[in-house]
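> Sharing a structure here in C-alpha cells format.
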Amino acid sequence: MELKTEEEEVGGVQPVSIQAFASSSTLHGLAHIFSYERLSLKRALWALCFLGSLAVLLCVCTERVQYYFCYHHVTKLDEVAASQLTFPAVTLCNLNEFRFSQVSKNDLYHAGELLALLNNRYEIPDTQMADEKQLEILQDKANFRSFKPKPFNMREFYDRAGHDIRDMLLSCHFRGEACSAEDFKVVFTRYGKCYTFNSGQDGRPRLKTMKGGTGNGLEIMLDIQQDEYLPVWGETDETSFEAGIKVQIHSQDEPPFIDQLGFGVAPGFQTFVSCQEQRLIYLPSPWGTCNAVTMDSDFFDSYSITACRIDCETRYLVENCNCRMVHMPGDAPYCTPEQYKECADPALDFLVEKDQEYCVCEMPCNLTRYGKELSMVKIPSKASAKYLAKKFNKSEQYIGENILVLDIFFEVLNYETIEQKKAYEIAGLLGDIGGQMGLFIGASILTVLELFDYAYEVIKHRLCRRGKCQKEAKRNSADKGVALSLDDVKRHNPCESLRGHPAGMTYAANILPHHPARGTFEDFTC
C-alpha cells in the first residue's frame, strides 16, 4: 500500500530555489544577481547597482513621505460671474453715544462721572472749557439739592439717549427705490445704539442686487447731529474726539463687531464704497487652522470670528465683573455706571489690547467677507450749499459740518472665491512612490506581493522542518488514523485469495441461517 510520506505531510511542498524565483520575478535585476552561474564580477556589479538603486529609492520615498506629513496647502483664486448677488448687511453707528438733550438729571446723577461730565463730588470739573449754552443747561441738571434719584438702567439709558435713525436719516435709496428708517434694525454695539440695513432678521428677506456700479446699491444721506454731541472734558471709553459715523459691511450670518472692524465716514463728504464679495474656504487641521465644528454657544447659532469674540468677551466680563455690557448677549444683569467705570471698561480694554490667550477664535472653514475700496468727494459744493441749507432748514455751516452721503455698491456682479487646497494628497504620494519604484527597481505593488509571498513560503517551510509542524501533524494522524485509497483496498483484497476454498469448510445453517455457505475466513472478511 502506497501512503504519503511524513515529510510531505508535515512540511508541505518545498519552495522553489532562490534562483528559480529570481528568474521568474518581475523585479528588475534580481535574475542577474541570483543566477545559476558561479559568483562572478557580473553578478557583483548587478548586486551593487541594485543596492544603489534601492538606496536612492528609499531616500526619495522618505523625502516624499516627510513632505506629505508637512501638510502643505496652496491657495486657489477664482472669479465667478453671477446673475444676482445678496446685498450685504450695513451697520452704522454715530461716534457720539448719547445725545446731550436726552441726558436727564437722573441720568447725570448716576452716569455723570462715567461720561466725564461730573467729578466724583457731582461737580462740573472745568467750566472754562464748556460752551455757554451747554454749561447753563448742565449746571441746571447738575443741581441735585433736594433731588431724589430714581432707579437707573444702562440699557434703557442707551436706548433712550442714543441717536435716533429717524432724526439722522435725511434720504435713503436702494437700487433707485426709496427706503426709510423702518428698513433699519436697532442693534447695540460698543458704540451704543446702532442700526443695521438689510439685516435679514425678524422675517425680513435679504435684499439682492442685479447690477454693479453706483445707483445699484444703498445710498443714504445722514445728519450726524454734532449739536447733540456730549462736551468732552476728559478721556473715557464713552466719549469721542471724532465726528462722523462708523460703518461695517458684513454678512447677515455674523453679528457686527464695528468697534474693531468698522471704517469711518466723515461729514462734509460723499463717500463711495465699492465692494466685492469674497467667499473664503479654509482647510481644517492639519492642513490649516480653521474651525470645522459648530459653535458651542448659548448666544449664537453659527460660528464666526465676531460671534466667538463677543461670546468670549461676554463670558470674561461675567466672570470678572458679575455683569455684562449693554451690547453683550445673555441674561446676566447689566453693569451699573460704577461697574462700567471700575471694572467693565478696564477689563474689556485689557482683553482686547493685551490678553492674547483668553479669547482664541479660530478661522471658520467657510467665510464670506467684502473687500472695499473707498473714495470721497466734498459735499456740499458752493453751488449746492444754499439749496441744501434751504431744503433742510439749516445753515450752510451746519450742512458742511453735519451732512454726509454714503454710497455702497458692488463694483461688478461677480464674486471672488479664495480656496485653500491640499498641496499634496495621498494619491499624489502613492503616485510618486510608485513612479520612483518603477524608475529605480522596476517594481510595482504586485512585485512587492510576489516578494512577500515567496518569503512566507520559505519561512513556513523552515519552521515546519524545525519540528513544530511535525508534532502537530503527529497529533492529527493519531486521531484520524491512516487514510487508504480505494485502489489500495483493491490491491490488498483478502477475498481474492480465499476464492475456491474447499467446500467442506462451511458453517452450519443453524449458526448463520440467512447467510450463504462460505469459507470460514471468507465469511468474516468479505
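Cβ coordinates come from backbone N, Cα and C, glycine included.
Relevant sequence annotations retrieved from Swiss-Prot are reproduced here:
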MOD_RES   S477  phosphoserine
MOD_RES   S497  phosphoserine
SITE      E79  site 'Involved in channel desensitization'
SITE      D355  site 'Involved in proton-dependent gating'
TOPO_DOM  1-49  topological domain 'Cytoplasmic'
TOPO_DOM  67-425  topological domain 'Extracellular'
TOPO_DOM  457-526  topological domain 'Cytoplasmic'
TRANSMEM  50-66  transmembrane segment
TRANSMEM  426-456  transmembrane segment
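In the displayed structure, how are the listed features positioned relative to their neighbours?
Following the DSSP three-state reduction, the secondary structure of E79 (site 'Involved in channel desensitization') is strand. Here E79 (site 'Involved in channel desensitization') comes close to N414, Y415, E416, T417: these same-chain residues lie at least six apart in sequence, with C-beta atoms under 8 angstroms from its C-beta.
Counting every protein chain shown, 11 other Cβ atoms lie within 10 Å of the Cβ of D355 (site 'Involved in proton-dependent gating').
When pLDDT values are averaged over the topological domain 'Extracellular' (67-425), the model yields 92.
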> In terms of Cβ proximity under 8 Å, which residues at least six beyond the ends of the transmembrane segment (426-456) contact it?
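Same-chain contacts beyond the ends: 15, 21, 25-29, 50, 53-54, 56-57, 60-61, 64-65, 68.
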